[in-house]
């Protein structure tokens, strides 16, 4: 099971494992649910219809993770954390149309009329870039990892992609072309999950070595280690306003960190 907010901030969807091997899902501006299964990354269609609308083939083995370049702007909807444009405590049901318009304005400003880009990471060390609205064929293959890619994330400004791997590294790529930018080394075991700060200046990662690591995206250098967990860190996320990080792991605890 899982949940995800739509860009309006009001509708929360919930899904079950509709098929064997599905692990990760993303929603786009048309309320289309993107998912993956084994060697295929594919679209489940609109929530109301649930009909398959497109299949993207290109991976040779399991697809572990996917992300849309518009994830951050859809996640925050009408709320711009940097400007505090909407006070969520004052929101009423009568404001839903106004907030939907604000969300659409933010979405259009972020994408500048360009189609959304989807990235998928696989069990055979490769990530693939797609433009699903225009073409079923990949626009780029991101190669360089030596073990499974476990997580992929676009930066909120859409300029970069980060990929986390069981090869103990994180790699950075151009968000539009897939061109390789840098590798981040510091973890001594598998990296399970990564998350960007709201301003795209920092990246946090967690893995089997039980530490969180904070990376500077200007220098591509490690800024600080954050010990505290007693075992593998499986999940990490940054709050939309960029002020806090939450991490969870095998030690059965959640930790909240302040920037």
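Along the chain as shown, residues are numbered 1 onward.
Cβ coordinates are placed from backbone N, Cα and C, and glycine is handled just like the others.
The DSSP breakdown of the repeat 'WD' (142-183), given as helix, strand and coil counts, is 0 helix, 23 strand, 19 coil. Look at TrEMBL and you will find 142-183 (among others) tagged as repeat 'WD'.
If you look at the repeat 'WD' (184-225), the same-chain residues 6 or more away from its ends with a CB under 8 A from one of its CBs are 72, 81-82, 147, 150-151, 153-157, 159-160, 162, 164-166, 168-172, 231-242, 245, 247, 249, 251, 257, 259. What TrEMBL records for 184-225 (among others) is repeat 'WD'.
Annotation source TrEMBL lists repeat 'WD' at 226-259 (among others). Averaged over the repeat 'WD' (226-259), the predicted model has a pLDDT of 91.
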